[in-house]
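Quick notes on the structure that follows.
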Amino acid sequence: MKELDLSDPLSMVLKIAELTTRHNVWRLRESINLIASENVMSLTALKAYLSDFMFRYAEGKPFKRYYQGTRYIDELEVLTGELMGSMMGTNLVELRPVSGTIANASVFRVLAEPGDKAVIAPVQAGAHVSHTKFGTLGALGIEQVSMPYDEENMNVDVDKAVKLIEEVKPRFAVLGGSVYIFPHPTREIAEAIHSVGGKLIYDAAHVLGLIMGGAWPNPLERGADAVTGSTHKTFPGPQGGAVFFRDEQLYKKVSKTIFPWWVSNHHLHRIPATAITAVEMKLYGRDYASQVTSNARKLAEALAAEGLKVIGEHLGYTRSHQVVVDVRDLGGGAKCASLLEESNIIVNKNLLPWDPPEAVKDPSGIRIGVQEVTRLGMKHGEMEEIAKLIRKVLIDKEDPKKVAEQVKEFRKQFMKIHYSLDDKDVRIDTIADILSLAQ
């Protein structure tokens, strides 16, 4: 990176503008984004995001704040919680966590003290880093006991997991996570953890939009005591966290600690954008979630047909938005992800169940998600095209720069955000609109 002349502030501003614009063009117009943990907001939600709320605080709970000037965010936060909860079958909702990790931490800390045990899948079996001794769980001093995992079926080994829970008697267990292509056995694990006096947390960060759209089982209906999540993956809103509760006592305990333990300012500007996205999900969520899961299966089939080793063939490859590919024979996850990035196809390298944790920098697999390209209007035909482009890079060893040009042409057809309110007559003045009127 070329050094900036720090004595010339204008040159720094121009460089900042250049880098930001180049990123926007690259990721929004020229790339196929297949990162499983990302998505794009609608233009309508984006307008709601660009508000004066980004400058403001609202410590505490709605209508019981420690700051004045919160009359509108109070109403919006309650409304958003009702919208989100209505799609999860609960009115016990916390939207103040600013990320999925903070959502997890807020529940973990209430359920366990340092030295207590929790049964959770290891990170190479799909757990999020916040579930591990390397992340939030370890920072809280909670001991991770690895949940038995069935590598062949890419899922929890139910019989062994139940036996372990009965032996260990942990304070809580966690299902869900960062890589999972099939629903976890929520009922069975809930029964086991409840029998020893513990609680079940389901990390639905990746599948929240699929649950709301009816394409994934609702963990609250299957015994989970709390469902944590983020609002920017299959739920296509702004970055943020959320917790949904079945257990009212747990809700009250966690809610009391969100402020001041975990957040002071909970980033108010994301709340109206989350509300707009929730309305979009109520209107279009079933069609969207159905197309996402259908696209994922089609992409998996197409990749396999092109010669890639897609995990889960005997079970239909996937029921989520994710496709997992074993690329050991193609140079490993780090090399493959890098080659695809050079080709403007964005995926991430990922540990697979047989990898040791220390292989995190060069794991066996790549993880692919189709939720964003689905929102751009892509369907089965486009999944076949994407599979061909990936084959050109990883198997045929074509020049990534040439493939990148093909990707740019391909993306020109998909610039509109679907399953959104963008084609409705919804007027939302952004903060820039308001300020320009005052000039």
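Positions of Cβ are set from backbone N, Cα and C atoms, glycine also.
Feature annotations, reproduced from Swiss-Prot:
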- Ala127, His128, Val129: (6S)-5,6,7,8-tetrahydrofolate binding site (BINDING)
- Lys233: N6-(pyridoxal phosphate)lysine (MOD_RES)
- His232: site 'Plays an important role in substrate specificity' (SITE)
Legend entry - Rounded distance in angstrom between the Cα atoms of Val129 ((6S)-5,6,7,8-tetrahydrofolate binding site) and Lys233 (N6-(pyridoxal phosphate)lysine): 16
Legend entry - Under 8 Å by Cβ from Ala127 ((6S)-5,6,7,8-tetrahydrofolate binding site), counting only residues of that chain that are 6 or more apart: Ile120, Ala121, Val174, Gly177, Ser178
Inset, instruction - Look up Lys233 (N6-(pyridoxal phosphate)lysine) in the DSSP assignment and reduce it to helix, strand or coil. - result: coil
Inset, instruction - Give the sequence-ordered list of residues that share a chain with His232 (site 'Plays an important role in substrate specificity'), lie 6 or more positions from it, and have CB atoms under 8 Å from its CB. - result: Ser37, Glu38, Asn39, Pro238, Gln239, Gly240
Legend entry - Residues satisfying Cβ distance under 8 Å from Lys233 (N6-(pyridoxal phosphate)lysine), sequence separation of at least 6: Ala36, Ser37, Glu38, Asn39, Ala205, His206, Val207, Leu208, Gly209, His321, Gly369, Gln371
